[in-house]
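Reviewing the structure listed below.
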Amino acid sequence: MLGLNHTSMSEFILVGFSAFPHLQLMLFLLFLLMYLFTLLGNLLIMATVWSERSLHTPMYLFLCVLSVSEILYTVAIIPRMLADLLSTQRSIAFLACASQMFFSFSFGFTHSFLLTVMGYDRYVAICHPLRYNVLMSPRGCACLVGCSWAGGSVMGMVVTSAIFQLTFCGSHEIQHFLCHVPPLLKLACGNNVPAVALGVGLVCIMALLGCFLLILLSYAFIVADILKIPSAEGRNKAFSTCASHLIVVIVHYGFASVIYLKPKGPHSQEGDTLMATTYAVLTPFLSPIIFSLRNKELKVAMKRTFLSTLYSSGT
């Protein structure tokens, strides 16, 4: 898959949370509970959309696919992090490190692309309702979903290939809980490291900023159309279909901007690790909560699905 350059070292050591030895057991239990809740919440959303025929619409199809991407993203990161919290042996093979970076970036960017697609879906539903069935046909939805996954895979491949073509020398300790770009760049040596760092940074920022601007543009048109609705009840009903998606977008990009766009200055590695953990663990944890609480139709359907599952298991 990659022309990996590992002439200087064959494995890395994930330092992770070694600076917090007294907190590792507590962090393990906390992250394990959040991880299990993330999996169960997203699986419940998927089961509900699958079982309720009234939810077989593009909006809930995209939500279901978003849940898949969140499950895969957390699976790519959190199990390894949990294992390291209980272990003193935190080495990770070169190929395993590259694989973790590829999958985490692929599913992370797929998540961003799907949020953009969901924004477009809401724009079409509110601003062009008469053309909705044409623009959001099954074939069109499949194309949007396929492009999101393909785009995420391409981004993961581009970033991983660029980083692991570098030569790594000196220390093999990654000052992070996963194989991430900034700490790996600190271990790389060679004249091309600054160019690779700049290129990878620009590609990631342009992709994420492009998604964010498209979402903003969609909501600019949505708000403009909602304000034209004469009744307050109509405006509230129209906006309620967008509220959960908008909150998830704010949480997703809010945490990402705090972590990746914070000004460079004197700050501890421990602080960076905790902030990155917030993004990797807390964001997927909050997403199913927001969608299930803010979407009345989904909330009612989830209760019905959950109760029917309990009843069938009880009998």
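Every residue gets a Cβ built from N, Cα and C, even glycine.
Residues annotated as disulfide bond in Swiss-Prot: CYS97-CYS189. Taken from Swiss-Prot, the feature N-linked glycosylation site applies to ASN5. The feature topological domain 'Extracellular' is assigned by Swiss-Prot to 1-25, 76-99, 161-197, 260-272, with sequence analysis given as support. Positions annotated as topological domain 'Cytoplasmic' by Swiss-Prot: 47-54, 121-139, 219-238, 294-315. The transmembrane segment annotation in Swiss-Prot covers 26-46, 55-75, 100-120, 140-160, 198-218, 239-259, 273-293.
Between the disulfide-bonded residues CYS97, CYS189, the minimum number of other C-beta atoms within 10 Å of a residue's C-beta occurs at CYS189. Taken residue by residue, the topological domain 'Extracellular' (161-197) breaks down under DSSP into 16 helix, 6 strand, 15 coil. Residue counts for the topological domain 'Cytoplasmic' (121-139) under DSSP (helix as H, G, I; strand as E, B; rest coil) come to 16 helix, 0 strand, 3 coil. Counting Cβ pairs closer than 8 Å to the transmembrane segment (239-259), the top stretch among 26-46, 55-75, 100-120, 140-160 is 100-120.
Same-chain residues lying 6+ beyond the ends of the topological domain 'Cytoplasmic' (121-139) with a Cβ under 8 Å from its Cβ atoms: 58-59, 62, 218-219, 221-222, 225-226, 238, 241-242, 245.
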